[in-house]
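According to Swiss-Prot, the protein carries these features:
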BINDING   LEU10, GLY11, ASP12, GLY13, THR14, TYR15, GLY16, SER17, VAL18, LYS33  ATP binding site
COMPBIAS  312-328  compositional bias 'Pro residues'
COMPBIAS  463-473  compositional bias 'Polar residues'
MOD_RES   THR157  phosphothreonine
MOD_RES   SER161  phosphoserine
REGION    290-344  region 'Disordered'
REGION    457-481  region 'Disordered'
REGION    582-632  region 'Disordered'
Amino acid sequence: MNRYTTIRQLGDGTYGSVLLGRSIESGELIAIKKMKRKFYSWEECMNLREVKSLKKLNHANVVKLKEVIRENDHLYFIFEYMKENLYQLIKERNKLFPESAIRNIMYQILQGLAFIHKHGFFHRDLKPENLLCMGPELVKIADFGLAREIRSKPPYTDYVSTRWYRAPEVLLRSTNYSSPIDVWAVGCIMAEVYTLRPLFPGASEIDTIFKICQVLGTPKKTDWPEGYQLSSAMNFRWPQCVPNNLKTLIPNASSEAVQLLRDMLQWDPKKRPTASQALRYPYFQVGHPLGSTTQNLQDSEKPQKGILEKAGPPPYIKPVPPAQPPAKPHTRISSRQHQASQPPLHLTYPYKAEVSRTDHPSHLQEDKPSPLLFPSLHNKHPQSKITAGLEHKNGEIKPKSRRRWGLISRSTKDSDDWADLDDLDFSPSLSRIDLKNKKRQSDDTLCRFESVLDLKPSEPVGTGNSAPTQTSYQRRDTPTLRSAAKQHYLKHSRYLPGISIRNGILSNPGKEFIPPNPWSSSGLSGKSSGTMSVISKVNSVGSSSTSSSGLTGNYVPSFLKKEIGSAMQRVHLAPIPDPSPGYSSLKAMRPHPGRPFFHTQPRSTPGLIPRPPAAQPVHGRTDWASKYASRR
């Protein structure tokens, strides 16, 4: 033992304690199992079951016994070091394992168990604590302290393994059991790895049998006659239970996993498959080298690789042909396609994996050991191909068809990603906007109330171009919006008496005034500075900057103004008792209530209704009270 140094204690068992050590020569980490009882001869040591079994077992999924040392009547086993056991791996897990990782773990356990059974031993104490791991990628069977040779003669002791993983024949105190008890324990461990909880957590042996009955249902006498003999021998009365569906108890297990579980958890040990038979179940036939690292990552990567490698006729996308560089829409299609083709992780189980494999028969022929796996999924695939083709036939991509596997028409434009505005097809609305802009430029400037409400794309405030903005594109000209806004506008008066209009003119009008484009009125300006800016704008319309259309570029309708401060609150005013004498002469010029009040010059443009003249300012003031007197 002077060739090893001990670092710390890893665990303490019934027959010995385990220490973490290091080899002084190589620096390799090792596990030292120190037996609690003393051994006074080598013959006594060599008769130990653990030594007998481990001397004969050399397998990748069986923990390796490096050396046996007897020193001062103490016996030490030197094992290879493993980071953790399966119980610790399950306990530290905060989310469920992917099925590919579970399949890999169970495959390694059954491989090691088949090797042990083949060499004439059965373990008798399989539980998560006795399965040593280096993460989920590598699992090895350890602790052969209770191992027995299969050819050894009964009776055996009735206490074997931890109660939760004990087979029903052992719970009923049978003394004639064999390797099927290990298969039962593997079934219990498999369910626990899926759910992260024990399947039969009984508080006692009888309670464990009750737990088994609640899951599997009460066995019939014809199904397991030996079980009824054992129960009558110990005066045990079977509870009457209805079997539960394992799929409902383990919802994240596939149908192949449930099939394997159901067979390993048979009441009758003769009906359970052997470990080598379990390895041939469809659950392990997944078309890749078994025992490799997690299948889930391969499943999620295969669709991407297939899309990048595949080059076919026009319905498929080629990865940037060198001779003819594609236009921008096509480059966007390819980039979006790779994103959409990634299946979600929680849906990658058999269906997604099979879809990706059916797309690429070359991969299937290379990797798959068996010719046909999951036949029902193959039958579904052509239908999904047809629907994908029809989906893109009309040049439309609906947002619900997010997952595609490479079938996209060349002429379509991918607009699935609504977060990217460059992908939106603005062509119909832009052509309509350009026609209207030409019509407006050919005619004189058109100023009517509908144009204010029709929030068509126009130039933003302070800029000279007419590129449509996102806000203006999304607000469409609908009759309900127009009528609702008109009622909102006509219902509220902005006239506040007692305020000097002349003093309300801004000292720096350059910030408020905009280049004289009569259609910039539909764009929203910056934050209003209260009622004074509104009145000053109206004053400037009436006095200084009245254009040929009677509307300046900086006019902002009141229904678009943000109500800020106490001066911008909606105020209903009483009639003014003593209006100015000059106001009475303007009552005849008051516009019709149903018509907008802006002044436009008469023109012969078809489809436009001539408007009555707007009220002219008197002494620099607009008669707002006379305008809205009838509306009060």
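Glycine is treated like the rest: Cβ placed from N, Cα and C.
Under the DSSP three-state reduction, THR14 (ATP binding site) is assigned to coil, being neither helix nor strand. Neighbour density for ASP12 (ATP binding site): within 10 A of its CB lie 9 other CB atoms from the protein chains shown. When other Cβ atoms within 10 Å of the Cβ of LEU10 (ATP binding site) are tallied across all protein chains shown, the result is 17.
Residues LEU10, GLY11, ASP12, GLY13, THR14, TYR15, GLY16, SER17, VAL18, LYS33 make up the record's ATP site, and a Cβ search at 8 Å around their centroid adds LYS34 from the same chain. Around VAL18 (ATP binding site), a 10 Å sphere centred on its CB holds 18 further CB atoms from the protein chains shown.
Max Cα-Cα distance over the annotated ATP binders (LEU10, GLY11, ASP12, GLY13, THR14, TYR15, GLY16, SER17, VAL18, LYS33) is 14 Å.
Counting other C-beta atoms within 10 Å of each candidate's C-beta, the binding-site residues THR14, GLY16 are led by GLY16.
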